[in-house]
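Feature annotations, reproduced from Swiss-Prot:
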DISULFID  Cys27-Cys74  disulfide bond
CARBOHYD  Asn52  N-linked glycosylation site
DISULFID  Cys62-Cys113  disulfide bond
CARBOHYD  Asn97  N-linked glycosylation site
CARBOHYD  Asn137  N-linked glycosylation site
DISULFID  Cys186-Cys441  disulfide bond
ACT_SITE  Ser187  active site, acyl-ester intermediate
CARBOHYD  Asn233  N-linked glycosylation site
DISULFID  Cys255-Cys272  disulfide bond
BINDING   Asp256, Asp259, Ala261, Asp263, Ile265  Ca(2+) binding site
DISULFID  Cys281-Cys291  disulfide bond
CARBOHYD  Asn311  N-linked glycosylation site
ACT_SITE  Asp400  active site, charge relay system
ACT_SITE  His440  active site, charge relay system
DISULFID  Cys503-Cys525  disulfide bond
CARBOHYD  Asn516  N-linked glycosylation site
Amino acid sequence: MTKLSLLPLLALASAVLAKQDAFQAKCASFGHRIKLPNVHVNFVEYVPGGTNLTLPDNHVTCGASSQIVSADMCRVAMAVDTSKSSQITLEAWFPRNYTGRFLSTGNGGLSGCIQYYDLAYTAGLGFATVGANNGHNGTSGKPFYQHPEVIEDFAYRSIHTGVVVGKQLIKMFYSEGFDKSYYLGCSTGGRQGFKSIQKYPNDFDGVVAGAPAFNFVNLISWSIHFYSITGSNTSDTYLSPASWKVVHDEIVRQCDGIDGAKDGIIEDTDLCHPILETIICKPGASSTTNCITGTQAKTVRNVLSPFYGVNGTLLYPRMQPGSELFASSIMYNGQPFSYSTDWYRYVVYNNPNWDATKWTVEDAAVALAQNPYNIQTWDADISSFQKAGGKVLTYHGIQDQLISSDNSKLYYARVAETMGLGPEELDDFYRFFPVSGMAHCSGGDGAYGIGNGLRTYNGAEPENNVLMAMVQWVEKGVAPEFIRGAKFSNGVGSPVEYTRKHCKYPRRNVYKGPGNYSDENAWECV
């Protein structure tokens, strides 16, 4: 190759290098340009793709000391005052491969943890992304104690503040600004998405809200009420994990085939009403390896029953059957649920010594009457979001061990009744997809790989990815009729055993054949 023929290649390489240098230079100088009210820049740094980013300031309970970053990006770390006595820690990740889209991530549990894996996931897909710590650090609810401003940040203000600041920063960093804004969150993040829809209907064009923790105060009470059913691990009413496996196996035996296929997955728990007398030990049985006592059967029946208040009002629907194995070590472990204990101690009663083992349904009434900053997130009139042209896609794992998927069905019904809209009308802006075989936000026994994060990723195509399906809905008007899930052989990144199209509610999946249950085309939404 002659020197003359090399010139075009050298020119191209120089142009690419110049572009890279320009992006890095812009990032290096960006911190000095940020002059926004209440915003205090901690640092700005360029992070090359492939970096394993260390996170020394991440609280130890948040569980992440590092995060692999897949794309070149400019990282902006800030503190933003939300009142005279509160502030959020906020990060904005601006990728080189920017697609003109803004996105906010959410949080989980009671936590004040920036979800760096969601920042990495969405920035890698070309979104300019923000994530905040919800106004406090760590997974405990103790920072709420006698700090109403911190509770307000947690209830709604952290997300909205991050959106306002993030959109301003995008316009400063990218000359083209942004075209559309999106939200992605699960659990508490799902609740935050719906809180944005209800309170700030213009914040997002598209919201992907998974396993939402709305009906929040009653969820807190529902979660702690399991202890009053199971008792401690020395009680006759308590079931060990091994006993819960006996229960689970029997529930699957009775309900698995209702959908037409014996694949170990319950497609529609609305049709599953297990008869637990079948596994009560026979009189004089010398072993309880494959059976439970009558007292334990009553425990299971109560666990799988709706939760009612002091006046008989439904507070929270039943735990859906099929989640027993995942829930046994968390919800039915012979101890009051830790998040609920924290909420009652540090918010409801402002008493760090409150004894969670003494909880009664009267306490649930006190908590609901309090409902600070309307954290319930249970408003069913979302017409302002509809009129603003917003779209919401919500999904919920049918094996969810922390938040009953029946609660998402209940909210869907409330919206339909409040707004006077049937499924066809709701489809214009609100679509709900129950996901069989999915536990809480990820994991499970079935096809849970729907692309709602790094742990469920199976491609960026809209048909395989709920976030990109939302982008296609917002930007091209093509709404998802199903969301495809992947069943991994051993977690994300391992071979895919099969895929399944999860139906849009209120339709449900039925095996029609021909072919094996692993063939997604052998199933039909009815």
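Cβ atoms here come from the backbone N, Cα and C positions, even for glycine.
Model, not experiment: these values are computed from the prediction.
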Note on Ca(2+): the CB centroid of Asp256, Asp259, Ala261, Asp263, Ile265 has further same-chain residues inside 8 Å, namely Gly257, Gly260, Lys262, Gly264, Ile266, Glu267, Ser436, Tyr511, Tyr517
For Asp259 (Ca(2+) binding site) and Cys281 (disulfide bond), the CA-to-CA distance in whole Å is 29
Out of Asn52, Ser187, Asn233, Asn516, the listed recorded positions, fewest other Cβ atoms within 10 Å surround the Cβ of Asn52
For Cys503 (disulfide bond), the number of neighbouring Cβ atoms whose distance to its own Cβ is within 10 Å equals 23
The rounded CA-CA distance in Å from Cys525 (disulfide bond) to Ala261 (Ca(2+) binding site) is 14
The answer, for which of the disulfide-bonded residues Cys113, Cys186, Cys255, Cys291, Cys525 has its Cβ ringed by the most other Cβ atoms inside 10 Å, is Cys186
Spacing of the two Cα atoms, Asn311 (N-linked glycosylation site) and Asp400 (active site, charge relay system), in whole angstrom, works out to 28
Argmin Cα dist to Ala261 (Ca(2+) binding site) over the recorded positions Cys62, Asn137, Ser187, His440 returns His440
